[in-house]
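K.L.:
As annotated in Swiss-Prot:
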BINDING   Gly38, Pro39, Ser40, Gly41, Cys42, Gly43, Lys44, Ser45  ATP binding site
DOMAIN    6-247  domain 'ABC transporter'
Amino acid sequence: MTKVKMETKNLNLWYGEKQALFDINLPIYENKITALIGPSGCGKSTFLRCLNRLNDLIPNVRIEGEVLLDGKNIYDKDVDVYELRKRVGMVFQKPNPFAMSIYDNVAFGPRIHGIKDKKELDKIVEWALKKAALWDEVKDELHKNALSLSGGQQQRLCIARAIAVKPEVLLMDEPTSALDPISTLKIEELMVELAKDYTIVVVTHNMQQASRVSDYTAFFLMGKLIEFGETEQIFLNPQKKETDDYISGRFG
């Protein structure tokens, strides 16, 4: 039986007066890739940001309902948000390495969390870059500025930076939309590999990508979760007309 790692219960979100999410109930299974699909503005990125409370940073956002991580509501008053974001990491749409060396990018999180020992940091940096399939390309130039890397390399560096603090869940918001096809393929292969160790939730506009890499797919429309299921079922035998229309390209 696949374990539920995270789960949302009756999750509603407002930006000021405008409601953006409506009663979202969604399980996220451990060591699986869950893809969130739907047309622009349907709420999938807003939903993703609820999973590590990044919406807290936006003024006038109000949230009702629960987001459970291992059964505990991450919106409870006693939750340390920094600790939460260590457990639930994020990779953004546009590669956003810090303007510092490749090494310092990866060591950034571990240092914040108190690791000072050079040997230990060296180990973490090598481990994370290997996990992100970047080590062989950069091992001889770790002190080079990260901004000099190609777009695809920068995104793999951002993945290495995210996993360096050993998160349990990795959120990815359209991680390949700014990349060329070859870099995209590398990131997709990497996601499948990382799912052996992490629970991954990915927002994607690319339907082929969702069908290639994910185990489960959730289809959002106008702030509502229309359908959720195993990816193969959603793509080959959707139960809802709206899902079928979107997947077959009749709208979106």
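The backbone N, Cα and C atoms fix where each Cβ goes, and this holds for glycine too.
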K.L.:
What does DSSP assign Gly43 (ATP binding site), in three states?
P.N.:
coil
K.L.:
Within 10 Å of the Cβ of Pro39 (ATP binding site), how many other Cβ atoms can you find? Include all protein chains, please.
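P.N.:
That number is 14.
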K.L.:
In the same chain, which residues outside the set Gly38, Pro39, Ser40, Gly41, Cys42, Gly43, Lys44, Ser45 have their CB within 8 A of the centroid of the CB atoms that define the ATP site?
P.N.:
Thr46, Phe220, Leu221
K.L.:
Within 10 Å of its Cβ, which one of these binding-site residues (Ser40, Ser45) has the largest number of other Cβ atoms?
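P.N.:
In terms of Cβ crowding, the pick is Ser45.
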K.L.:
Let me spell it out: for each of the binding-site residues (Gly38, Gly41, Gly43), count the other Cβ atoms within 10 Å of that residue's Cβ, using every protein chain shown. Which one has the most?
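P.N.:
In terms of Cβ crowding, the pick is Gly38.
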K.L.:
Mind telling me which of the binding-site residues Cys42, Lys44 has the densest Cβ neighbourhood, counting other Cβ atoms within 10 Å?
P.N.:
Lys44
K.L.:
Given the model, what does the mean pLDDT over the domain 'ABC transporter' (6-247) come out as?
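P.N.:
PLDDT averaged over the stretch: 96.
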